[in-house]
Amino acid sequence: MSSVIAPSNPSGSTGPKEVELILVKEQNGVQFTTSALVSPTGQTHPSGEERETWAKKIDFLLSVIGFAVDLANVWRFPYLCYKNGGGAFLVPYMFFMVIAGMPLFYMELALGQYNREGAAGVWKICPIFKGVGFTVILISLYVGFYYNVIIAWALFYLFSSFSAELPWVNCNNTWNSANCSDLNATFLNDSHKATPALEYFERGVLHLQDSTGIDNLGLPRWQLTSCLAVVIVVLYFSLWKGVKTSGKVVWITATMPYVVLTVLLLRGVTLPGAMDGIKAYLSVDFLRLCDAQVWIEAATQICFSLGVGFGVLIAFSSYNKFTNNCYRDAIITSSINSLTSFFSGFVIFSFLGYMSQKHNVALDKVATDGPGLVFIIYPEAIATLPGSSVWAVIFFIMLLTLGIDSAVT
C-alpha cells in the first residue's frame, strides 16, 4: 500500500484561494482517490502553532533588499568591475546572475515559504540535508563576529566626524608616525609615506602599532568596545519582537543608503576629475573576458552579494503567506541588488577620479576595495571638501545603515 499527497489549484476558481489536497492510495493494484479543499490563510507552523507573518508585503521586500544590499555592494563590486574590464565585467556577472544567482535566490525563498520554517527545520523536506541547515546557521554566526566589528568601526568614525576638524586631516596627532605626510603632498608612489587617513585607521582606531602579531593582540580599546556594545544593543531591539520590529526598522535602514548614495553622487560628479574616474569605471576591455579569473570573481561576487547560503532568505520567506508570489520577489530583489552595485560604482569612482587628479597619480594608485576604500580612501577624499564634517557624517550614516540592515536581517 502506498500513498501520495499532491496540491492542486483548479484553474478558473473564484473567491478565496484554496489548495486542494489529493490523497491517492493504492491497495492490491487498485487506486483510491480522495480530496479536500484546505484554505492556506491560516498560516500555521508545521508543529501546529500559529505562524507569524509580515504585516505588509513591502516589509518583506525591504528586508530582503536590506540583507542583500550590504557593504560589499559599495566596496567590492565597483573595484571588481574596474579591475576586470570595466563594462565587460557585466557580461560574466549577468551570466552567473541568470544561471546561478537568481535560481538559488528563488530556491531559498521557495523552500522557506513552502515549509514555513527557518534554516534548521526547512530541510525536513529532505532529511539527508538536515546538516546543511545547521551549517548555514554556524556560517552566519561566524560572519556576525567580524561584520558587527566593521559596523562598530563605522559608528566610531561617525562619532569622530562630529568635530570642527576631522581627525584624519593632519599629522600632528599623538598616533601619527614620522612617515605621515599631509593631504596636500603628492606621495602615493612612495611606499615609505602614509596619509593621515591611513594612520588614523591603522594607528588611531585599530592601534596596530601596539601589537606585534597574532600572538600579541593587546588590550581591547574601550572606545571600540563601547561602539560594539551599542551595535549589539541596536540589533537586539531591532529583532526584539521578530518581524514586527525588524519589518519597521528596515523602512529606515534599507532606504537611507539610496538617499545618501544619490546625494554623494550629485556632489561627486561636480568634483574635478570625477568624469575621468567614471570613464575608467565604465571602460570596456573585452580581452579581459579571456581570463578565467574574471569569470571566477564574477561568480564569487554573485553569491557573495546576493547572500545565498546563509539561511536568511529561507527565514524571511517562512513568514510569507503560503500563496505569495516568491518567484516575482526573487526577480525583483535580486535585480535591485545588482542595480545598486552598479549605481554605487558611479559614486565611488567619481571620488576616486577626484583623488587621482588631486594627487596627480594614476587611478589605479588610489583604486582599492575592502575596508581600505571606505575607511581610508573615501574619508581622505571627503576631508578635502568644504564642509567636510557634514559629508563625513552623511557617508558614515550610510555605512552604518548598510551594516545594521544586513546584520539585523
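From the backbone N, Cα and C atoms, a Cβ is placed for every residue, glycine too.
Candidates considered were Cys126, Cys180. The record in TrEMBL pairs Cys171 in a disulfide bond with Cys180. Site annotation for Na(+) in TrEMBL covers Gly66, Ala68, Val69, Asn73, Ser305, Leu402, Asp405, Ser406, and the matching candidate from Asn325, Asn337, Asn360 is Asn337. Rounded to a whole number, the C-alpha distance linking Ser305 (Na(+) binding site) with Cys180 (disulfide bond) is 35 angstrom. Taking the Cβ of Cys171 (disulfide bond) as centre and 10 Å as the limit, one finds 20 other Cβ atoms among all the protein chains shown.
In this chain, the transmembrane segment (90-111) lies close to the transmembrane segment (294-316): three or more C-beta pairs between them fall below 8 angstroms, excluding pairs fewer than 6 positions apart.
Two recorded stretches are said to be in contact when at least 3 C-beta pairs lie under 8 angstroms, sequence spacing 6 or more; the transmembrane segment (132-159) and the transmembrane segment (251-274) fall short of this definition. The Na(+) site, placed at the center of the C-beta atoms of Gly66, Ala68, Val69, Asn73, Ser305, Asn337, Leu402, Asp405, Ser406, has further neighbours from the same chain whose C-beta lies within 8 angstroms: Ile65, Phe67, Asp70, Leu71, Ala72, Pro257, Gly307, Thr340. If one looks beyond the transmembrane segment (251-274) by at least 6 residues along the same chain, the residues whose Cβ comes under 8 Å of a Cβ in the stretch are 59, 62-63, 65-66, 69, 340, 343-344, 346-347, 350-351, 353-358, 385, 391, 394-395, 397-398, 401-402, 404-405, 408.
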